[in-house]
């Protein structure tokens, strides 16, 4: 079952940049999150799934999680406005990886949501970045980094400088960026089993939410919001008995 779920999530992940422009799901009106499950037979999990993301992180179970092992050296090469988010793509031969439970996961892309999708004790952050990875078996792991409004984020400016302002536009990233600078120094985290937060909402995704937020300025947040024209966060979903560990 886990293998099939992982393959479904991988398929959705690999197809997203190509199909997302034609998709009729959205964050507003008849295509908004509460209607996703009825829009397409392939989206039924958005409505019927029991391990959906995002969630509100409140009660947690303390355990001995291994430190998050990140190995980011390449950085992104293009920035895409797909109408749903701003997404950074990497070269197909990237060496950017994380290691979870001894297994390497290769970074596929990363993108942003404003306000945050996951909440902590009911609190939304100004923005949330999702770093999407997969391993050799097709399993998907997503690392979330929160941003609160405050000081300008210098590294984020390297992305924002080439941000496409219209949907279906792609821009080349001209300034080499250090992806490690978009991670907090303290990489302690919460972990739970979840799903993709966009259709088809495939489950079997390892979700990791870093505890310590970064900052971005009000101007940086406004630029993202202007490009999106709307909030792009799915509401939190029921835990349905799931346990969040830390």
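Just so it is clear, glycine is given a Cβ too, placed from its N, Cα and C backbone atoms.
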(request) Look at the Zn(2+) binding annotation in Swiss-Prot, where 111, 113 are given, and name the residue from 71, 130, 133 listed for that site too. (result) 130
(message) Let me check the 10 A CB neighbour count of residue 111 (Zn(2+) binding site). How many other CB atoms are there?
(response) 21
(message) Could you check which of the binding-site residues 111, 130, 198 is the closest Cα neighbour of residue 46 (disulfide bond)?
(response) 198
(message) Please report the distance from the Cα of residue 84 (active site, proton acceptor) to the Cα of residue 113 (Zn(2+) binding site), rounded to the nearest angstrom.
(response) 9
(request) Report, in whole Å, the straight Cα-to-Cα distance of residue 111 (Zn(2+) binding site) from residue 197 (substrate binding site). (result) 12
(request) State the mean pLDDT for the domain 'Alpha-carbonic anhydrase' (23-246). (result) 97
(request) Show, in sequence order, which residues other than 111, 113, 130 on the same chain lie with their Cβ within 8 Å of the centre of the Cβ atoms of the Zn(2+) site. (result) 85, 87, 110, 112, 117, 128, 129, 144, 197
